[in-house]
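Feature list (source: TrEMBL):
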- 31-94: domain 'ATPase F1/V1/A1 complex alpha/beta subunit N-terminal' (DOMAIN)
- 151-366: domain 'ATPase F1/V1/A1 complex alpha/beta subunit nucleotide-binding' (DOMAIN)
- Gly171, Asp172, Arg173, Ala174, Thr175, Gly176, Lys177, Thr178: ATP binding site (BINDING)
- Ser364: site 'Required for activity' (SITE)
- 373-495: domain 'ATP synthase alpha subunit C-terminal' (DOMAIN)
Amino acid sequence: MPSDRVFSDWLKKSRAAVSAAAVGVRTDMLGRVEQVADGIARVSGLPDVRLNELVRFENGEAGFALALDADLVSIVLLDSGAGIEAGAIVRGTGAVVQVPVGEALLGRIVDPLGRPLDEGEAIAATAMMDVERPAPAIIDRDLVTEPVETGILSVDALFSLGRGQRELIIGDRATGKTAIAVDAIINQKHTDIVCVYVAVGQRATAVERVIEAVRSHGAPERCVFVVAPASSAPGLQWIAPFAGFTIAEYFRDRGQHALIVVDDLTKHAATHRELSLLTREAPGREAYPGDIFYLHARLLERSAKLSPALGGGSLTALPIAETDAGNLSAYIPTNLISITDGQIVLGSSLFAANQRPAVDVGLSVSRVGGKAQHPALRQASARLRLDYAQYLELEMFTRFGGMSDQRVTGQIRRGERIKALLTQPRFAPLRTVDQVVLLTALAAGVLDNVPVKAFPVLRAELPAWVDSAARDAVDAVTAGKALDEAQRARLAEGVAALVNRLSADKAP
Ligand SMILES: Nc1ncnc2c1ncn2[C@@H]1O[C@H](COP(=O)(O)OP(=O)(O)OP(=O)(O)O)[C@@H](O)[C@H]1O
Ligand SMILES: [Mg+2]
């Protein structure tokens, strides 16, 4: 019968279709929000979730796992959390939080998850990378030998930085911490260093000022701004430094050089404390959880100079920390000082006395950068710190009408010149060669009779003069060489003539 044939054909086809179909068991791990408050959701039913794993709520918002307890997982919200209520469904994604990396980020302002905060389109990332990545092993590293020039005389001459170094910028509120870091970023306009500025817990206006400064004085097309302002979710602020490092590491790992500024880690520590207390971790010293040191250590450990086998790239870190009434021995400052390779300490009394940048020469150090300093600059600044330290001491004495023989007056006169040289306006970076010329002239005593008031003019006129009249110094410095005796003597004479000309110009 035809109907039988039709039926058996159908049966055969159906059997084939069924056996070809891929049937398997699919598990979907669903959690349930039990409680949500203060940027933290406590979730049950996600037994396999990993630390730092990204989870998604049913309304599309994201979070990551910060504390894993036996039956409840604490999820830090990365969005406002306004639409999340108890009972909401949560899904683990199996991946830790990632951030887009690549060239497409250059010139952009993004949040710590790589979502644009400027008017531009979405980031066309080269890849997604974990925000938490292991630091390079010792065997993968090389010595720090190339300088990072900040253009700030007091840093380059006294506390020079090397590529791959971690240097803390620390000081009280409003002592010019951000200004130093931003000047360092701006000076990279003339180098091959890519800059990443991470703002954690800053006021939006302060972040805007930084971006505006880099846009008008620096090379914004080689900078990435990762911004988690004070108004953003604590989870975003927590993740921001890690995301910034990952973005910078992309360049480091391709043999390029990067500089990251984290503004600032004190606020990051406060966010970590807040989140940890909310997840009921035991508070330790100053109510910070016990893992705060480890948190910042594993973050800063990621800055490195890589070995030639890995491309020789570098990542230099300039974390910023705020002190309270100059107290460097508080918990977070001591932690950060011991994690980094040195610190630039800014003093509020120096700042108030218009000594800006307010670098405290006695308390600041740079432990690895000295070897990376340009030989000509090292030579020119050899006696600088000693002379300045002696001056600071003598100044105290003479202030009370103490001794004043000729030698002492000479030292004080020199010290005042050094102080004037170390005072530098913002957005006015000095090239290495200009620094070498100024310090060579200073060491030769040429500036001793120049009134301190004339220094700003000298500083402004110097680069043009150096380019036209001191070509051999420019060539030597560009070639990375020190200057010989004759060259230095010629430079000192030249600067003396320049100073005379400038004062003659001004006289009539
Ligand atoms: N070298 C300088 N010359 C003149 N003014 C400066 C200099 N450096 C900083 N300032 C000024 O000092 C003020 C404070 O600087 P900045 O915002 O960098 O300090 P901060 O320590 O980062 O402050 P906060 O604690 O608020 O983050 C700013 O108005 C800045 O313009
Ligand atoms: Mg600041």
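Every residue, even glycine, has its Cβ placed from backbone N, Cα and C.
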>> So if I take the recorded positions (Gly171, Asp172, Lys177, Thr178, Ser364) and measure from each Cβ to the nearest atom of ligand 2, which come out below 6 Å?
In response: Lys177, Thr178
> In the same chain, outside Gly171, Asp172, Arg173, Ala174, Thr175, Gly176, Lys177, Thr178, whose C-beta lies within 8 angstroms of the Cβ mean position for the ATP site?
Replying inline: Glu322, Leu346, Ser348, Phe351, Ala358
> Out of these recorded positions, Thr175, Ser364, which one has the fewest other C-beta atoms within 10 Å of its own C-beta?
Replying inline: Ser364
> Of Asp172, Gly176, Ser364, listed as recorded positions, which ones have a Cβ less than 6 Å away from ligand 1?
Replying inline: Gly176
> Name the residues of the same chain, 6+ apart in sequence, whose Cβ is under 8 Å from the Cβ of Asp172 (ATP binding site)?
Replying inline: Glu322, Thr323, Asp324, Ala325, Gly326, Leu346, Ser348
> In whole Å, how far is Ser364 (site 'Required for activity') from Lys177 (ATP binding site) when you measure between their Cα atoms?
Replying inline: 13
>> Cβ atoms within 10 Å, counted per site: which of Gly171, Gly176 has the most, among these binding-site residues?
In response: Gly171
> Once the DSSP letters are reduced so that anything not helix or strand counts as coil, what is Thr175 (ATP binding site)?
Replying inline: coil
> Under DSSP, the domain 'ATP synthase alpha subunit C-terminal' (373-495) has how many residues in helix, strand and coil?
Replying inline: 88 helix, 0 strand, 35 coil
>> Using DSSP, what is the helix/strand/coil residue split across the domain 'ATPase F1/V1/A1 complex alpha/beta subunit N-terminal' (31-94)?
In response: 0 helix, 36 strand, 28 coil
